[in-house]
Amino acid sequence: MASTRAKPTLPLLLALVTVVIPGPGDAQVSIHPREAFLPQGGSVQVNCSSSCKEDLSLGLETQWLKDELESGPNWKLFELSEIGEDSSPLCFENCGTVQSSASATITVYSFPESVELRPLPAWQQVGKDLTLRCHVDGGAPRTQLSAVLLRGEEILSRQPVGGHPKDPKEITFTVLASRGDHGANFSCRTELDLRPQGLALFSNVSEARSLRTFDLPATIPKLDTPDLLEVGTQQKLFCSLEGLFPASEARIYLELGGQMPTQESTNSSDSVSATALVEVTEEFDRTLPLRCVLELADQILETQRTLTVYNFSAPVLTLSQLEVSEGSQVTVKCEAHSGSKVVLLSGVEPRPPTPQVQFTLNASSEDHKRSFFCSAALEVAGKFLFKNQTLELHVLYGPRLDETDCLGNWTWQEGSQQTLKCQAWGNPSPKMTCRRKADGALLPIGVVKSVKQEMNGTYVCHAFSSHGNVTRNVYLTVLYHSQNNWTIIILVPVLLVIVGLVMAASYVYNRQRKIRIYKLQKAQEEAIKLKGQAPPP
């Protein structure tokens, strides 16, 4: 306990008050001082005096040790020592047959023997009430003693201690714990205020106690891992929880089948996670319990799940031969293992699942690079799992040189740009030559920038490989311009001009003839009209 205490210099005689009690000859008894204020265990001198004129017997009644220091005919001076608590010493006299007395008030002050903040809980949940308990032992006068509860330097509560100094007192105060209280120091301080008596304010402070708070979400840790584990694979097990505090104090771990696999945990500001990589082997039980456990403060949050371990081999897809010549027979077979069944084999009509499916085909050129697909299914824990296998067939066949691969007739205009396509195909890829029958000139396959008359002719294309050969004729016709053609080209426009002129002249002639006929008819009509109007002779 840390404490501060001053040694006060207190006047032992503070006041003089006389108590008068009538007696023979108006005798009076008095006590001095009437009030005294001193530290516990201290001493004070008390004077008892009387105005009695007759036979006088004077004394002091007290519970403390007393020594008579001096005396006179009608007074005595006593010293009281080791005064432990508040008391009222009494001066008394026997004056003749009359008794009288006077009392004083002694007030004792003392510092608390101990000030202690009761131990705090190991962990306090955020949002819950935290009761601080300050235990005060001793201290007087209690009317001037108070207890202060602190969070760091912040005053949370100040309360009077009260009660009898000999009785220990507990002062309580309730606060609502928050995240900000994590790591905060709480303490209790007593304050003995003797300033009204001309002294100072004396304080004792308890040892500080540190508080740890925690907060947990309403959810449980989240497991992110498949329910099914396949033998021969590596599976990632992951568990996490968000919204907790303080995440740095939390511990999270994974437990698989009662064993803790090698794992790595991560703590961030308000979340934690655990990750484990597990090699699934045949030694594993078919069902394994998986637990994710989070520990924070005195709380444990847990998530459980049951994992199923299975062994599922891919189906075995075989071809009797991966490479065959055209026309050969090929057997395609798919076999399932580990309790699985074949549900699909390309080339076979759908049928009920069975452990094995096969069929035979005659290989043709269309089957070259044909993919065969096989799928097997396995039911595990009510779920259907699928695995597939694919194989490719290679068929050897002779060269092909059809109309679509190489046109038989080509007609080009001399001087134009053309592209000639002629390509044989087969497996293995055939070689091909195209030569003109007349002189063996090569067929211009590809891009021809300027067609020439000399390219005209009949060409023979021959494609061959280790699996056969094929021949195809290609006719190339080149249209070109001769000198007679130029004469025709010149004469045609001239003739067209002459014909046009003749037609124009005929049109003008016919028009003039029609006009003359029209005028003649008009003249005849006018003559007949005049003749009808003449008077008879």
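Cβ coordinates are placed from backbone N, Cα and C, and glycine is handled just like the others.
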Just choose from C239, C374 the cysteine that Swiss-Prot connects to C292 via a disulfide.
C239
According to Swiss-Prot, the disulfide-paired cysteine of C334 among C374, C406
C374
Could you let me know which of N362, N485 shows up in Swiss-Prot as N-linked glycosylation site?
N362
So, in Swiss-Prot, which cysteine from C52, C91, C134 is disulfide-paired with C95?
C52
Expressed in Å to no decimal places, the gap between the Cα atoms of N204 (N-linked glycosylation site) and C334 (disulfide bond) is 90
Given the recorded positions N47, N185, N362, C374, N409, tell me which ones have a C-alpha lying within 10 Å of the C-alpha of C91 (disulfide bond).
N47
Using C-alpha positions only, work out which of the recorded positions N47, C334, N388, C406, C434 is nearest to C292 (disulfide bond).
N388
Which of the three DSSP states, helix, strand or coil, fits N456 (N-linked glycosylation site)?
coil
Under a Cβ pair cut-off of under 8 Å, which of the recorded stretches 41-102, 127-195, 327-381, 415-468 contacts the domain 'Ig-like C2-type 3' (232-299) most often?
127-195
For the domain 'Ig-like C2-type 4' (327-381), give the DSSP counts of helix residues, strand residues and coil residues.
3 helix, 31 strand, 21 coil
